[in-house]
Amino acid sequence: MAEDADMRNELEEMQRRADQLADESLESTRRMLQLVEESKDAGIRTLVMLDEQGEQLERIEEGMDQINKDMKEAEKNSTDLGKFCGLCVCPCNKLKSSDAYKKAWGNNQDGVVASQPARVVDEREQMAISGGFIRRVTNDARENEMDENLEQVSGIIGNLRHMALDMGNEIDTQNRQIDRIMEKADSNKTRIDEANQRATKMLGSG
């Protein structure tokens, strides 16, 4: 009889311990799920900010392209005026053949870069998960929730990986665009400075 009582006590203790571990494991999966959801939200906010930054860079580069077009027109007018005044003060062709100009604008004189960087689109592969994530002991609702939580965690982690790839691709694209903008800005500044010098000479000669 005493042995039966001891065995019952041991079984009850094992059951109590199993329940305790199940409760702790359930809380652990809940915390994991909360953390990855917070990370997902942070990732989404970062992607939105990168997208907004990309739109701003597009507007800036369009502005550089418009300045390039305007300068072409101004240089043409300056050349015509110089011919009318009997002067030869427009080194426009020399400028356009310079390495800096070609680097900024390529061979397309309208300011559209010939080789635009292509965005890399990462294919989203959906992985089918067979079976559960945990080894069942109590086989109750807690383990069902644990399994569901871990499945969600796994899915969100996969999404976070793709987000990280998207961020890396977008940052690379924007870095290349910033380099182009800097080159175009330098080219535009040089042209404006030279246009001012030509205008000063023409006014002085008048």
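Glycine is treated like the rest: Cβ placed from N, Cα and C.
Within the same chain, residues 134, 137-138, 140, 142-143, 146 sit at least 6 positions outside the region 'Disordered' (1-25) and bring their C-beta atoms closer than 8 Å to a C-beta of that stretch. According to Swiss-Prot, the feature region 'Disordered' maps to 1-25.
The compositional bias 'Basic and acidic residues' annotation in Swiss-Prot covers 1-20.
Across the region 'Interaction with CENPF' (1-75), DSSP assigns 74 helix, 0 strand, 1 coil. Under the heading region 'Interaction with CENPF', Swiss-Prot lists 1-75, citing similarity to another entry as support.
Feature annotation from Swiss-Prot assigns S-palmitoyl cysteine to Cys85 (among others).
Among the features that Swiss-Prot reports, S-palmitoyl cysteine is placed at Cys88 (among others), with the record citing similarity to another entry.
According to Swiss-Prot, the S-palmitoyl cysteine annotation covers Cys90 (among others), on the basis of similarity to another entry.
Residues or ranges marked as S-palmitoyl cysteine in Swiss-Prot: Cys92 (among others).
On the 0 to 100 pLDDT scale, the model's mean across the region 'Interaction with ZDHHC17' (111-120) is 42. The region 'Interaction with ZDHHC17' annotation in Swiss-Prot covers 111-120, and the record cites similarity to another entry as its basis.
Under the three-state DSSP scheme, Thr138 (phosphothreonine) falls in the coil class. The phosphothreonine annotation in Swiss-Prot covers Thr138 and is backed by similarity to another entry.
Annotation comment: Swiss-Prot describes 140-202 as domain 't-SNARE coiled-coil homology 2'.
Per Swiss-Prot, phosphoserine is recorded for Ser154 (among others). Cβ contacts within 10 Å of Ser154 (phosphoserine), excluding its own Cβ and spanning all protein chains shown: 14.
What Swiss-Prot records for Ser187 (among others) is phosphoserine. For the recorded site, Ser187 (phosphoserine), the DSSP three-state label reads helix.
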Distance, Ser187 (phosphoserine) to Ser154 (phosphoserine) (CA atoms, angstrom): 50
For each of Thr138, Ser187, count the other CB atoms within 10 A of its CB; which of these modified residues has the top count? Ser187
Distance between Thr138 (phosphothreonine) and Ser187 (phosphoserine) at the Cα atoms, whole Å? 72
